[in-house]
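Novice: Quick paste from TrEMBL:
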- 20-40: transmembrane segment (TRANSMEM)
- 24-515: domain 'K+ potassium transporter integral membrane' (DOMAIN)
- 60-81: transmembrane segment (TRANSMEM)
- 146-172: transmembrane segment (TRANSMEM)
- 192-211: transmembrane segment (TRANSMEM)
- 218-240: transmembrane segment (TRANSMEM)
- 265-285: transmembrane segment (TRANSMEM)
- 297-318: transmembrane segment (TRANSMEM)
- 338-365: transmembrane segment (TRANSMEM)
- 386-410: transmembrane segment (TRANSMEM)
- 422-443: transmembrane segment (TRANSMEM)
- 450-470: transmembrane segment (TRANSMEM)
- 476-496: transmembrane segment (TRANSMEM)
- 527-794: domain 'K+ potassium transporter C-terminal' (DOMAIN)
Amino acid sequence: MDLEYGRFPDASKKGSWKTALLFAYQSLGVVYGDLSTSPLYVYKSTFAEDIQHSESNEEIFGVLSFVFWTLTLVPLFKYVFVVLRADDNGEGGTFALYSLICRHANVSLLPNRQVADEAVSTYKLEHPPEKRSSSRVKEYLEKHKVLHTALLILVLLGTCMVIGDGVLTPAISVFSAVSGLELSMSKEHHQYAVIPITCFILVCLFALQHYGTHRVGFLFAPIVLTWLLCISALGLYNMIYWNPHVYQALSPYYMFKFLKKTKKGGWMSLGGILLCITGSEAMFADLGHFSYAAIQTAFTFLVYPALILAYMGQAAYLSQHHHTSYHISFYVSVPESVRWPVLVIAILASVVGSQAIISGTFSIINQSQSLSCFPRVKVIHTSDKIHGQIYIPEINWVLMILCITVTIGFRDTKHMGNASGLAVMTVMLVTTCLMSLVIILCWNKPPAVALSFLLFFGSIELLYFSASLTKFTEGAWLPILLALFLMTIMFVWHYATIKKYEFDLHNKVSLEWLLALGPSLGVARVPGIGLVFTDLTSGIPANFSRFVTNLPAYHCILVFVCVKSVPVPFVPPAERYLVGRVGPAAHRSYRCIVRYGYRDVHQDIDSFEMELVARLADFIRYDWHRSQHTSPYAEDDASHSNESSSERRLAVIGTVAFSGTPGYGIEESVEPASVSIGFSTVESVTDVIGMQAMGAGAVERRVRFAIDDDDSESDVQTKMYVQLEEELRDLMTAQEAGTAFILGHTHVDAKQGSSILKRLAINFGYNFLRRNCRGPDVALKVPPVSLLEVGMVYVV
């Protein structure tokens, strides 16, 4: 199934202020749940140990000043006004920035890249002409291969920290919300109630994930809106009632005064202050669900003022209460008469914020898997209408176990805050570094502009990052440990995938070998369609030669299928299939390259099989139509000369219309023109891409095998139509006979003489992951009755 790119209904409509306001309202529940619940634990984490609240109020006013300027500089200035503009066809996040960089500079480590991929409409490069300084940076990056690896490691680091945040945010959010019970019961009862209640809520939250958020998503925005209005009202009440002059603490002077008095303790307390911007990255990561204007409007005019009022209100209350009977927390500033309703709303808001980060974790793991950076896992799409609503069972239960372990193990906001703060700041540093490259390579701004951006925001984030590192033994070790573990898994998987592709590339079989197979060699053609899955975009894969060697027969219709990822978020369905012949038409062998973006929904196997056959019929008609204007016999003769020429014609098969009499029935009339453009792949294979002018009203069509019997004007055309009819009937007959899916069942060994590290990574690490993760047949949902597995040993 191909879901529409709209993400949310009517998300693509622009220009209406009512629509913008509607999306701004909807974004509250998806984007701002985590950020809006930060007042629950910021002051409590900040005053946990390093600094004390004194009668002079210098500490509380200094913390308020830091919170105000941090919220202003990072979420408002950096994300809302700069980073959100670096979207990749409307998508945001770490992989969006990496995708943009890879499209503007040849730094990608993905295998089977083709120049033909640049013809995809979402691959568009819209930027002013390159400046000399920008091109020098680009040349330097492309020249040094070690920088390609370093860039990938940086992206993986950011990805791993986002996954780590998916463990920590639900724990700290729900725990902080439930901890409000401490004001309503004795300390003895409190310590036995908060942990079980938190764990129960977390178990329920993760247990309900498989239903998808679309069933209760309509409640998310009202809950977060109610929470924001609640903390705003409490903030205004506390300011008016306790200290109307607290606004003076917004001056930067109080920051310097704070650091001057607290010295090292004040610097270390920044690890708690930075929690006020947890969830800011969600504004960019969830950009694909909403418009830039919606997210900007919601944050600037509602979320930002509400958070400032909440922090100012807490500071106003604490400035008049220096000897509270409880530790500093959000709930001490809540009037007793409304404490229970606020507690309920806080728990609901924390659940919404946790849901957002859990969904984001599923999404980023799915993106990592699409780019061959994560082992195969089962991805379930919980909604047929809203793009991006996915559920990954294995990851869900692992996250639940880790969340409960963190809650029981740490048991306090301080350690959870230290761990969460380091994860959040690492992701922001990665975004700042990648954004600097986007400014140079994609926006073609002078390097001085990118350097200024990097130094200004990087220095702020490094200050907070250094403060978080000092808490290594007090909880900050957890995200580092998780990141190292996940990065090892992701890098080993990606490295082995690249090595497997290189092995396939060097061991592919020549076309002459395939064409020579026949009855004279004891090789038979059996009825049906054989789909040979491979990562190669040209040549005959070694697993097929091994298949024929052990079982001297193959199908009447043979299709070499390559399912590949393109560094774009989405590939339009009409541009997904790249089809061509392997050998002459009489051989009935084809190549089909199926292209997906890193956020695309992969089709289930039934619809994929039906659409593949329809696209093959499309291609056959296109190819014979093209042959009317060239010499098909000359082409067939030339096809035997070398492998490259035999596969030189690949065509994008989508909603393409051809002039002349159609060779099969078309359910809907389409009129876009078709053009042929020449490309060459990285393996020196020339692709001729049949591109079409895609309009807003382009209609996808279904193909019926109906042959037109009108007489042709010439004998040559008559012969062509007879051959076309025969080829289409062969395809129809083969489809009725059944389809077999031929996949490689691989084992990878490091070659002799490899380093110990490589042998550990390949022989133990990769093979362990391969055995214990889902195989390609499960990932493709191939029915066992149609599966043929070919054992292959890769020595890399």
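From the backbone N, Cα and C atoms, a Cβ is placed for every residue, glycine too.
Nobody curates TrEMBL annotations by hand; they come from automatic prediction.
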Novice: Excluding the flanking five residues on each side, which residues at least 6 beyond the ends of the transmembrane segment (297-318) place their CB within less than 8 Å of a CB in that stretch?
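Specialist: Same-chain residues near the transmembrane segment (297-318) but 6 or more away: 20-21, 24-25, 27-28, 31-32, 35-36, 38-39, 42-43, 53, 60-61, 63-64, 67-68, 71, 75-76, 80, 228-229, 231-232, 234-239, 241-244, 246-247, 249-250, 276, 283, 324, 328, 330, 332-333.
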Novice: Could you give the residue numbers and ranges of same-chain residues that sit at least 6 residues beyond the transmembrane segment (422-443) on either side and whose C-beta is under 8 angstroms from one of its C-beta atoms?
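Specialist: The answer is 74, 78, 82-83, 86, 94, 97-98, 100-101, 104-105, 127, 133-134, 137-138, 141, 154-155, 157-158, 161-162, 164-165, 168, 271, 274-275, 277-278, 280-281, 284, 449-451, 453-454, 457-458, 461-462, 464-465, 468-469, 471, 476, 479-480, 483.
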Novice: Pairs 6 or more apart in sequence, C-beta under 8 angstroms, 3 or more of them: is that satisfied by the transmembrane segment (60-81) and the transmembrane segment (476-496)?
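Specialist: Counting Cβ pairs under 8 Å (6 or more apart in sequence), the transmembrane segment (60-81) does not reach the transmembrane segment (476-496), since there are fewer than 3.
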Novice: Quick one: find which recorded stretch in 20-40, 146-172, 386-410, 450-470 has the most Cβ pairs under 8 Å with the transmembrane segment (338-365).
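Specialist: When the Cβ pairs under 8 Å are tallied, 20-40 comes out ahead.
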Novice: Using Cβ atoms and a strict cutoff of less than 8 Å, what residues sit near the transmembrane segment (265-285) while being 6 or more residues removed from its termini?
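Specialist: Here the qualifying positions are 31-36, 38-39, 41-48, 50-51, 59, 62-63, 66-67, 70-71, 74-75, 79-80, 83-84, 92-94, 162, 165, 169, 258-259, 295, 299, 307, 311, 353, 356-357, 360, 363-364, 417-418, 420-422, 424-425, 427-428, 431, 463-464, 466-468, 470-471, 476.
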Novice: Mind pulling out the one from 20-40, 192-211, 450-470, 476-496 with the most Cβ pairs under 8 angstroms to the transmembrane segment (386-410)?
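Specialist: Checked against 20-40, 192-211, 450-470, 476-496; highest Cβ contact count belongs to 192-211.
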Novice: Grab the same-chain neighbours of the transmembrane segment (192-211) for me: Cβ-Cβ under 8 Å, and only residues 6 or more beyond its ends, written as numbers and ranges.
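Specialist: Long-range Cβ neighbours of the transmembrane segment (192-211): 170-171, 174-175, 178-179, 181-182, 185, 347, 351, 354-355, 358, 380, 382, 391, 393, 396-397, 399-400, 403-404, 407-408, 411.
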Novice: By a Cβ-Cβ criterion of under 8 Å, what residues six or more beyond either terminus of the transmembrane segment (20-40) are in contact with it?
Specialist: 8, 11, 75, 169, 173, 176-177, 217, 219-225, 227-228, 231, 275-280, 282-283, 286, 289-291, 293-295, 297-299, 302-303, 306-307, 310-311, 314, 330, 346, 349-350, 352-357
